[in-house]
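The K(+) 1 binding site annotation in Swiss-Prot covers T130. Under the heading K(+) 2 binding site, Swiss-Prot lists F133, citing experimental evidence as support. Summarising the annotation, Swiss-Prot assigns disulfide bond to C110-C142. What Swiss-Prot records for 117-133 is intramembrane segment, and it gives experimental evidence as the kind of evidence. Feature annotation from Swiss-Prot assigns phosphothreonine to T341; the stated evidence is experimental evidence. The phosphoserine feature in Swiss-Prot is assigned to S385. Marked as motif 'Selectivity filter' by Swiss-Prot: 130-135. Residues annotated as topological domain 'Cytoplasmic' in Swiss-Prot, with a large-scale study or a structure entry given as evidence: 1-65, 172-390. Annotated topological domain 'Extracellular' per Swiss-Prot: 93-116, 134-142, in sequence order. Among the features that Swiss-Prot reports, transmembrane segment is placed at 66-92, 143-171, with the record citing experimental evidence.
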Amino acid sequence: MLSRKGIIPEEYVLTRLAEDPAKPRYRARQRRARFVSKKGNCNVAHKNIREQGRFLQDVFTTLVDLKWPHTLLIFTMSFLCSWLLFAMAWWLIAFAHGDLAPSEGTAEPCVTSIHSFSSAFLFSIEVQVTIGFGGRMVTEECPLAILILIVQNIVGLMINAIMLGCIFMKTAQAHRRAETLIFSKHAVIALRHGRLCFMLRVGDLRKSMIISATIHMQVVRKTTSPEGEVVPLHQVDIPMENGVGGNSIFLVAPLIIYHVIDANSPLYDLAPSDLHHHQDLEIIVILEGVVETTGITTQARTSYLADEILWGQRFVPIVAEEDGRYSVDYSKFGNTVKVPTPLCTARQLDEDHSLLEALTLASARGPLRKRSVPMAKAKPKFSISPDSLS
């Protein structure tokens, strides 16, 4: 009979002994699928596409969109296939002219020094890449050889233009610049100017600026129309305020972008309790602008789910003036602090102003209580005697 130690691993036994048998077990709640990931990738899988030929109508964009291993494979195979194809053409020309058979005559060959397929392949590489070793060359004996030489040069230039252009576009893609455009991990909802506001922080790590930068926000949620139609991804635009009006921003330093939750806001009926149970809420943030150094339009994206929105908190300041210039402490980029915030929806706050007045009064009493603390009288370190004044 086998012992228990031989059947169950020791690590498993120690783990089970450390567990509390009275503590109930909970399975991790499955998180809602994001429409846009935190890194900006769209979480959409395209299936059952019937018209695959549409991708071949725009070959260049298809090549640029491919992954790097596939692009490098196509890059290598395009050159190898063209070299082999024209090597076969040069070998057939030499075979038809009788240049492959050894002869003692003085007949001039179509291409000198071609005696096998290997030499024809080397000559094909020399022609297309213009290496020019000088051991093989086309003569005036065969007009067809001259025509093949012209065609191979044209085809080689086309392959170079397409493939090298594809490699350049992949290395200079706009989303590379978006890697240094950062968003705060969490968004916050707090009072600003007496109104509930949805706020997030955005920054740029590079010194080169984003010209004509604009920012947009959308709420994506699952809705049902009065007719019973279920819309799984209903998108609603969110108006924003950034202190300068409009959606344009001057991103020379990290900015706090905020949206006033008013009657026109899709977040007007959002309560603090909904942030823990509202699984269909996702706020997408899109930052778009022109890269100053390259002139390419770039776009950075992120999203916030309901559990990534902090109620009653505010971002800490990270910009300070030092030695006549402004410095940014990115170690506190996503840090927040708790602030007094009503635990109600923006609609309830607009309908009952006493909630805001009570909160304002409570906030005003806080500093007064600190001031009423009795302070010990400081004893003087020296005294002046009357004799010294005489």
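Including glycine, each Cβ sits where the backbone N, Cα and C put it.
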>> At a 10 Å cut-off from the C-beta of C142 (disulfide bond), count the other C-beta atoms across all protein chains.
In response: 19
>> Give me the count of other Cβ atoms within 10 A of the Cβ belonging to the residue listed as 'K(+) 1 binding site'.
In response: 9
> What's the CA to CA span in angstrom from C110 (disulfide bond) over to T130 (K(+) 1 binding site)?
Replying inline: 19
> Looking only at DSSP and grouping its letters into three states, which state does the residue listed as 'phosphothreonine' belong to?
Replying inline: coil
>> What's the number of neighbouring CB atoms sitting within 10 A of the CB on the residue listed as 'phosphothreonine'?
In response: 18
> Other than its own, how many Cβ atoms are within 10 Å of the Cβ belonging to C110 (disulfide bond)?
Replying inline: 22
> Just the number: how many Å between the Cα atoms of C142 (disulfide bond) and T130 (K(+) 1 binding site)?
Replying inline: 21
> Can you tell me how the residues of the motif 'Selectivity filter' (130-135) break down into helix, strand and coil by DSSP?
Replying inline: 0 helix, 0 strand, 6 coil
> Can you tell me the mean pLDDT for the topological domain 'Extracellular' (93-116)?
Replying inline: 81
>> I'm trying to understand the geometry here, so how far is the Cα atom of the residue listed as 'phosphothreonine' from the Cα atom of T130 (K(+) 1 binding site), in Å to the nearest whole number?
In response: 73
